[in-house]
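A.B. asks: As listed in TrEMBL for this protein:
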{"type": "TRANSMEM", "residues": "54-72", "note": "transmembrane segment"}
{"type": "TRANSMEM", "residues": "78-97", "note": "transmembrane segment"}
{"type": "TRANSMEM", "residues": "146-164", "note": "transmembrane segment"}
{"type": "TRANSMEM", "residues": "176-198", "note": "transmembrane segment"}
{"type": "TRANSMEM", "residues": "218-238", "note": "transmembrane segment"}
{"type": "TRANSMEM", "residues": "250-267", "note": "transmembrane segment"}
{"type": "TRANSMEM", "residues": "312-333", "note": "transmembrane segment"}
{"type": "TRANSMEM", "residues": "339-358", "note": "transmembrane segment"}
Amino acid sequence: MKYLNYDFIAPTHLHYLKSYRYKGTDQSLLYNHILSPLADFCLRFVPMNVAPNVLTLMGLACIILPHILYFFVMGDNFAGFIPNWLLWLTALLHMLYMNFDNLDGKQARRTKNSSPLGMILDHNFDSMIILLQGTSMTTAMQFGNTIFSVILYIIPSVPFYIIAHEEYYTHEMNLPVINAASEGTISVAVVFAATAYYGCDMWVQKLPWFFNYQINQFVMLMFITSLIIIMPAVFLKIKKFTSITSLLKQLRYFFLFNIVILYSIIFSQSNVIQNHVRAYMYTVGFTMSKAVGVVALNHVSNQKLPEYQNSIYIYVIIFLNTISGQILGQTIINEGFLIQFAATASFLIHIHFLYNVARQISEALNIKIFQINSINK
């Protein structure tokens with residue numbers, strides 16, 4: 001395994017890990033009056049010897065399970081009939097994930113096992129959940145094997161990635177009264193429950209009072225509108241610590257790989273997304289997850305953010321291959337093969353990042369990842 005080792009934190013910055021303390025607040029009424037009290041109640045039944053990272057991993061498992069079930073039931077079809085049991089199960093497991101997501105932090109404080117590694121894993125797993133649950137959600141909403149499935153994933157990834165930068169620059173995460181972590185996340189469970197109750201066909205019904213848009217198209221438009229409304233406040237917070245020009249420079253990489261993916265879909269010579277929408281979502285999704293992890297890692301280690309990451313070369317190849325298809329009428333590399341390769345590479349790069357971050361931080365702090373290091377009653 002030593003040949004896979006790579007230190008993402010410079011030796012001169014390892015000492016910052018020991019002094020790191022997470023700072024944040026959640027002003028959400030839903031969180032403070034329902035979700036947090038529920039987690040406090042459930043915490044009574046969590047043994048003191050259960051590590052916070054175990055709870056984080058259990059939350060991720062609640063999303064991975066329905067994701068796998070959707071694959072076996074639906075295959076690579078992102079539209080069509082979905083069994084009611086699967087929709088209700090997905091909604092239930094999503095609520096359980098939310099509870100685990102609140103439990104891990106409470107358990108960390110209760111056992112005094114908070115660590116920068118726990119924060120990184122929590123943020124990184126949350127970003128993965130946007131992808132994994134996004135594939136299920138786009139199927140439930142009947143977007144099908146189209147570019148809209150990819151766009152539905154990109155919409156929530158934008159605020160998630162920018163808010164990660166807010167935490168990097170401000171050194172704290174303060175969520176407003178209505179936020180994506182509470183209200184936004186529970187709305188995902190509502191989507192699955194509503195689909196189970198009203199049926200999948202609900203999403204393709206047209207709204208005569210809104211330009212004959214389908215309900216799923218209208219909801220997507222509302223998602224985009226809410227994004228436009230909430231993002232200026234985040235930019236204003238960050239502006240107190242760095243210039244907007246500097247921030248946009250850091251966001252170039254994120255916008256680049258999303259634009260390349262959309263460009264390659266729009267100008268595909270073989271309409272490759274019809275058969276490989278999952279590969280497109282995995283490619284952009286795992287790239288984003290690693291990018292979020294890099295921001296969190298540099299936050300806890302007080303390092304400068306890189307202007308781009310090595311995954312950019314994957315997107316350069318995809319972009320040039322798409323251009324070759326526009327010029328020659330046929331791409332140099334088979335588009336289906338290339339996007340499947342890109343998805344596999346993106347996944348492996350992400351796993352490599354998680355392995356090395358966990359290894360380096362656990363060694364630097366002399367802590368165990370999935371075990372309690374010391375119990376303080």
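In case you wondered, yes, glycine gets a Cβ from its N, Cα and C as well.
Values in this document were obtained by computation on a predicted structure and should not be read as measured data.
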A.B. asks: If we skip the immediate neighbours and take only residues 6+ beyond the ends of the transmembrane segment (312-333), which ones have a Cβ under 8 Å from one of its Cβ atoms?
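C.D. replies: Result: 253, 256-257, 260-261, 263-264, 267-270, 283, 287, 339, 342, 345-346.
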A.B. asks: So, do the transmembrane segment (146-164) and the transmembrane segment (54-72) meet, by the test of 3 or more Cβ pairs under 8 Å (sequence gap 6 or more)?
C.D. replies: no
A.B. asks: For the transmembrane segment (250-267), what are the same-chain contacts with Cβ under 8 Å, counting residues 6+ beyond its ends?
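C.D. replies: Same-chain contacts beyond the flanks: 147, 150-151, 154, 157, 161-162, 165, 273, 280, 283-284, 287-288, 291, 305, 307-309, 311-312, 315, 318-319, 321-322, 325-326, 335, 339.
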A.B. asks: Near the transmembrane segment (78-97), which residues from the same chain, at least 6 beyond its ends, have a CB less than 8 A from one of its CBs?
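C.D. replies: Distant contacts of the transmembrane segment (78-97): 59-60, 62-63, 65-66, 69-70, 129, 133, 135-136, 138-140, 142-146, 149, 185-186, 188-190, 192-193, 195-196, 200, 277-278.
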